[in-house]
Amino acid sequence: MRGRRGDRMTINIQEHMAINVCPGPIRPIRQISDYFPRGPGPEGGGGGGGEAPAHLVPLALAPPAALLGATTPEDGAEVDSYDSDDATALGTLEFDLLYDRASCTLHCSILRAKGLKPMDFNGLADPYVKLHLLPGACKANKLKTKTQRNTLNPVWNEDLTYSGITDDDITHKVLRIAVCDEDKLSHNEFIGEIRVPLRRLKPSQKKHFNICLERQVPLASPSSMSAALRGISCYLKELEQAEQGQGLLEERGRILLSLSYSSRRRGLLVGILRCAHLAAMDVNGYSDPYVKTYLRPDVDKKSKHKTCVKKKTLNPEFNEEFFYEIELSTLATKTLEVTVWDYDIGKSNDFIGGVSLGPGARGEARKHWSDCLQQPDAALERWHTLTSELPPAAGALSSA
């Protein structure tokens, strides 16, 4: 800044900040709380009740629910404890969960959603709900509702059921519930999801949820990826220690078996009832499963039994029964091998999974076998996990 020609003038920072300031009354500085609507405060409470003036709530900072006109929970509805808000930009989902320990089933009642995010050009969506048990990646592990057309407040009232659910699943698994928008011309779009640890459920007690949908949260950085990998590594080590040095086996589905030793017929009755969540072995995303059983040691190689083939399914029902003539004292030294196969025409059949029951088995498989020996003439049904471990003698018989 210059005064007379050739003279240079200097100004301090206070004078610089005062230049070009419009005259007028001094306005109060806005507080952060002024940008959010406030309900009436408690009677006699300080801080001032009522809502902030409308001109102090910029549209960009308004709560997303205010833009979508989301509603509040219905009076008397039982809301889960970690439901903090009933209105988000993604919407809310209402559902019930019930774990039936007696039948080893998890019942999922998908009720309704409210205030979903618009996904189509008409400002609406074609929503459906997809369920997935984690960890687990097979197609049979996924269940879905029907699609509701052109709505942001869909009502489903559908019951989806997982079979073969054990107490171990309830302890370790998580139910992922995703709401998606169906698009016939392109890929379906993800709207939001909810993840419920099954350990929050109590047997035979229905639990009601009304929860805000959340976005998928990716790992933010390589450092978080490293932390996640370290956590997975520790988890796997704990599992390995729990298995007392045994290798970790891939889960390939579940099978429901019935065992009964008949005192009258002097033999073992093996019931192959059904399978659930089998691994898909064919390119169409399904399998053509059948079940084989062996009672080993099998010196005469006459103990093989085989069910019929069920086409294009990951949840087959067999309801077939096989009989092994054997004394109870001899049965105590035997091992029952049960394997599930995918039938292929003109080539070797694919091994899906298997389980062994006998004195050398572990966990539920051993308990089922010992209960059968200790309770003659009682039909005992149990679910068993199929693993990727192929019995040594079964590999040579895969085409049988």
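Yeah, the Cβs are placed from backbone N, Cα and C, and that goes for glycine too.
As given in Swiss-Prot:
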| type | residues | note |
| --- | --- | --- |
| BINDING | ASP120, ASP126, ASP181, ASP183 | Ca(2+) 1 binding site |
| BINDING | ASP282, ASP288, ASP342, ASP344 | Ca(2+) 2 binding site |
| DOMAIN | 89-211 | domain 'C2 1' |
| DOMAIN | 251-384 | domain 'C2 2' |
| REGION | 1-89 | region 'Interaction with UNC13D and DYNLT1' |
DSSP-derived class (H/G/I helix, E/B strand, else coil) of ASP120 (Ca(2+) 1 binding site): coil
Most crowded position, judged by CB atoms within 10 A, among ASP120, ASP126, ASP282 as binding-site residues: ASP126
Rounded to the nearest Å - Cα separation of ASP181 (Ca(2+) 1 binding site) and ASP342 (Ca(2+) 2 binding site): 33
Helix, strand and coil counts within the domain 'C2 1' (89-211) (DSSP): 12 helix, 61 strand, 50 coil
When distances run from the Cα of ASP282 (Ca(2+) 2 binding site) to each of the binding-site residues ASP120, ASP126, ASP183, the nearest one: ASP183
Other residues, Cβ within 8 Å of ASP120, ASP126, ASP181, ASP183 Cβ centroid (Ca(2+) 1 site): MET119, ALA125, PRO127, GLU182, ASN188, GLU189
8 Å Cβ shell about ASP282, ASP288, ASP342, ASP344 centroid, Ca(2+) 2 site members excluded: MET281, TYR286, SER287, PRO289, TYR343, ASN349, ASP350
Other CB atoms, at most 10 A from the CB of ASP288 (Ca(2+) 2 binding site): 19
ASP126 (Ca(2+) 1 binding site) and ASP342 (Ca(2+) 2 binding site), distance between Cα atoms, whole Å: 36
Rounded Cα separation (Å) that holds between ASP120 (Ca(2+) 1 binding site) and ASP344 (Ca(2+) 2 binding site): 43
Inter-residue Cα distance where the pair is ASP344 (Ca(2+) 2 binding site) and ASP126 (Ca(2+) 1 binding site), in Å: 38
ASP288 (Ca(2+) 2 binding site) versus ASP183 (Ca(2+) 1 binding site) - Cα distance in angstrom: 30
